[in-house]
Each structure stands twice: as C-alpha cells, then as structure tokens.
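So the structure is just underneath, and the comments pick up after that.
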Amino acid sequence: MRLGKPKGGISRSASQGKAYESKRKTARQRQKWGVAIRFDSGLSRRRRNVDEKPYKCAKCSKSFSQSSTLFQHKKIHTGKKSHKCADCGKSFFQSSNLIQHRRIHTGEKPYKCDECGERFKQSSNLIQHQRIHTGEKPYCCDECGRCFSQSSHLIQHQRTHTGEKPYQCEECDKCFSQSSHLRQHMKVHKEKKPHKRGKNARVKTHPVSWKRGKGRKAVAGIRQVKGATSGLFKKKK
C-alpha cells in the first residue's frame, strides 16, 4: 500500500531539501563577503560559549562570532563613516560607537553597579568595576600564573617577563614599560627647566623636594645614591 503525502502537498524529505538549499544559498552569499560559516544553526549558542569565531574577514583575516559584527567591521576597510555626531561633527563606522560617544556630551551613565551604585557610560567599564566586588581575575599570565582583573594589567605585567619598554622619553630617549612610569620620569625634565620671575631673577634648577622643605639633606641624599647623575642638581654657573 502506498503512503500518501502529508498535508500541504510537500513530502518531509522535499521540505528538508529546500531548507538545506536555502542554507547553502545563504552560505554562498556570505562567502562573497569573506565569511566562513557552518550550516548547523544550532551551533550558534555553543559558539558563544566556547568563544568560537567562524566569521572571517577576507581583507585582514580578523574573525568574529557573529555575521553582523563582521558586516560592521568591513566598514573599516571601505573607510565609510556614516554615523555622525550632531554636536561635534565626529563620525563613526558603527552606530553603537556613536551612541557611546554621545554620552560625552550628554553625561549619561546608564550602567549602574548593583553593589555600590556607581554608574558608568559603557557596559565594559561596569564589567571591569564589578570584579572589584567579586574578586574575579580572568586574565592569567602563562609565565608565572599570576591573574588580573583587567587585560591591560596583564599586558603591563607580561613586560616584566619580556623586558619590553614601549614608552620612550623624547628628552633623553630613556624607555619604560608603563606609561605612568614615563609620566613620572618626565617630571625630572620639567624640574630642570629654569623658571624666571623677573628680568634679573636667579635661575632655579633645584628639584621639587627642595621646595617641599626637605632642603639640602634630600638633595645630598640623591647625590650619594645616584652618583653619576649628581651633576643634574648642581647650579648653573
């Protein structure tokens, strides 16, 4: 006995075939934009869980977890910034970047910490802040196992292992591993520059410690410790 077709006039196998062909067509369209995808749509949730990034840019090989993110990324290569701020005229590739930028003008801070009530302009800043309360440190060093709450702190720490010093002083070419260390160092050059109060005023080259009341003891102490740099604190003739 022959089995009849299900209601609707289309067999189940034919329906599955059409769905498969539809996915293949979508895949071919996305591959034109440099996208690599999988046909199984049920994998999308699992991809997010394991940080899988199947959508790849053909221009720079950067990968993304969502096709919409790749589409926005490709605007970087085209150079088109279609989202413009009405207040200052600055343009952005993505509407989300414009929304974040607008908060500079409006002062809006929509992201609130439930623990302490502090508010933030960006959700990423709130996530970083919440780790103060939770103690979470997801960024770990492969060399020594030390963990940090922010990726920027891990990057700074890793320079203790690599010896990298990317911040260079323009005055003396001395290099530092952290920008804060460079800023602290730059004060040395500012202290050395002469400050004149009048036409016949004496030139002062003493460091800040002299002004703070630490006097000659502090300067003498620096001369003893530094040795070779003692000449920096001598008066000009």
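The backbone N, Cα and C atoms fix where each Cβ goes, glycine too.
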Candidate annotated in Swiss-Prot as N6-acetyllysine, out of LYS23, LYS74, LYS204: LYS23
LYS18, LYS214, LYS226 - residue that Swiss-Prot labels as N6-acetyllysine: LYS18
